[in-house]
Amino acid sequence: MVYDGAVKDQESSANPASASAALSEASAAASEVTAAAAAGAGAGAAEEGAAVSGRPPRPPHDKRLGVRHPLKHRRFRAGGKVMVEPGDPPSAQEVADEEASEVEQEAAPVEREPPQEEGGDVEVSSAPAEMEVVEGDAMEVSPEPAVAVGESELEGRPGEEEEVSSPVVSQGERKQETAAAAPVPAVEEKKHKDQENKHKEREREKERERVDEVGYMSGGWKSEDGFLSCGYSSFRGKRASMEDFYDIKSSKIDDKQISLFGIFDGHGGSRAAEYLKEHLFENLMKHPEFMTNTKLAISETYKKTDSEFLDSESHTHRDDGSTASTAVLVGNHLYVANVGDSRAVISKAGKAIALSEDHKPNRSDERKRIESAGGVVMWAGTWRVGGVLAMSRAFGNRLLKQFVVADPEIQEQEIDDELEFLILASDGLWDVVPNEDAVSLVKIEEEPEAAARKLTETAFSRGSGDNITCIVVKFQHDKMDGDSSPTSDKS
């Protein structure tokens with residue numbers, strides 16, 4: 001049983017004679033209990049006493065350790081040897097012992113711990129609560145961890161909660177900050193590449209949003225020497241999304257002017273076509289034999305880019321693909337490569353000449369190749385590989401890759417005065433506009449951009465239900481020395 005200090009003081013002042021008698025009587029009883037407890041405890045009590053005495057004494061003003069715990073309240077006496085269950089009335093002997101110990105404690109000199117400097121570290125112990133139990137003193141123990149704080153903090157900021165920070169945690173945070181301040185070069189390089197890729201992705205997203213919003217975009221370009229001028233037009237048409245992409249590049253390698261033009265028509269999604277736009281020409285110009293053996297470089301680059309795309313998509317469940325119809329101008333030689341059903345057509349001496357043949361499953365040579373590889377060509381609205389894909393060659397298409405390859409067919413054409421212009425277009429144009437009609441429409445327009453727009457508008461008016469994208473390249477034989485400048489996109 002625990003008595004409040006204020007109540008004891010009031011009782012002592014009210015009856016000093018009875019308090020003196022109780023003190024002498026309690027002292028005699030306490031000495032008897034002490035002797036009995038020491039004899040019963042033996043060596044164990046001696047060791048426990050030694051361990052307890054090694055700890056600093058509890059500050060006498062700290063009354064928190066004697067407060068009754070709301071959930072567990074057992075009273076311990078003489079190191080825990082005598083316990084009283086909650087609700088049991090204390091005996092007269094226990095009351096006398098408690099009064100005697102409290103009187104002795106109040107009479108004993110107070111030893112204060114040296115005050116801790118304001119703002120000093122707060123030591124936190126996660127060990128179970130421990131305290132020094134004075135023999136004959138009955139008190140209740142809270143199982144909460146013991147926290148040692150400075151007296152100045154308790155007295156200077158009463159009732160204020162102190163935020164306790166672990167020095168171990170602070171040290172770990174400092175180590176993390178140090179590691180972040182000195183990044184590894186490889187990590188920096190990867191971070192830079194990630195930022196660059198994110199920037200490119202944002203630009204591509206803006207372009208897609210623009211096409212999806214207006215459904216139409218076009219533009220033009222001229223070479224520095226004035227020999228080439230080209231225009232492009234891309235129209236979403238009746239489709240809900242845009243899966244056609246185009247690419248135009250110009251560069252100088254070994255003092256030779258290099259120009260590259262490409263149409264990429266995606267199916268089952270836009271990922272493959274977009275990948276080709278970003279990587280196909282870049283890989284081609286890096287090929288070691290690009291200038292010396294251009295045909296070999298194109299063939300190997302097509303296969304390499306297809307393999308890299310499949311690797312990049314290995315973690316996904318998509319299986320989209322794309323065509324590729326490209327024209328590469330190196331000096332006075334034009335190389336046209338094709339995979340799929342996009343097409344390249346030139347106008348030479350006023351005649352329409354196809355420089356590529358569509359890769360369709362109903363082509364006798366393509367059907368024989370597919371069946372020799374173990375594939376099947378069947379009719380499903382049109383002739384399809386495995387009843388699924390309506391073209392016999394393509395980039396991507398992992399599930400049909402054994403039969404649907406990305407090996408290009410390449411045609412070489414020498415540039416002479418009879419070569420007037422080149423048309424590259426997706427099947428959204430060629431399905432409704434024959435080669436001869438396309439050539440006739442381009443002849444009417446002087447500017448290649450206007451000609452490209454004319455082709456897409458004609459295809460749409462004739463009922464094309466696909467995306468429509470085309471590039472028109474005109475060879476200006478009479479303007480070899482003329483000035484030129486790029487033109488901006490229009491929509």
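Quick reminder: no glycine exception, Cβ is built from N, Cα and C everywhere.
Record note: Swiss-Prot gives Asp265, Asp466 as Mn(2+) 2-binding, and the candidate from Asp225, Asp306, Asp427, Asp437 in that site is Asp427. Same-chain residues that are not part of Asp265, Asp427, Asp466 yet have a Cβ within 8 Å of the Cβ center of the Mn(2+) 2 site turn out to be Asp244, Thr323, Asp341, Ser342, Ser426, Gly428, Leu429, Trp430, Asp431, Asn467, Ile468. Looking at the domain 'PPM-type phosphatase' (229-475) alone, the prediction's average pLDDT is 95. Asp265 (Mn(2+) 1 binding site) and Asp427 (Mn(2+) 2 binding site) are 8 Å apart (CA-CA, integer value). Ranking the binding-site residues Asp265, Asp427, Asp466 by C-beta neighbours within 10 Å puts Asp265 at the top.
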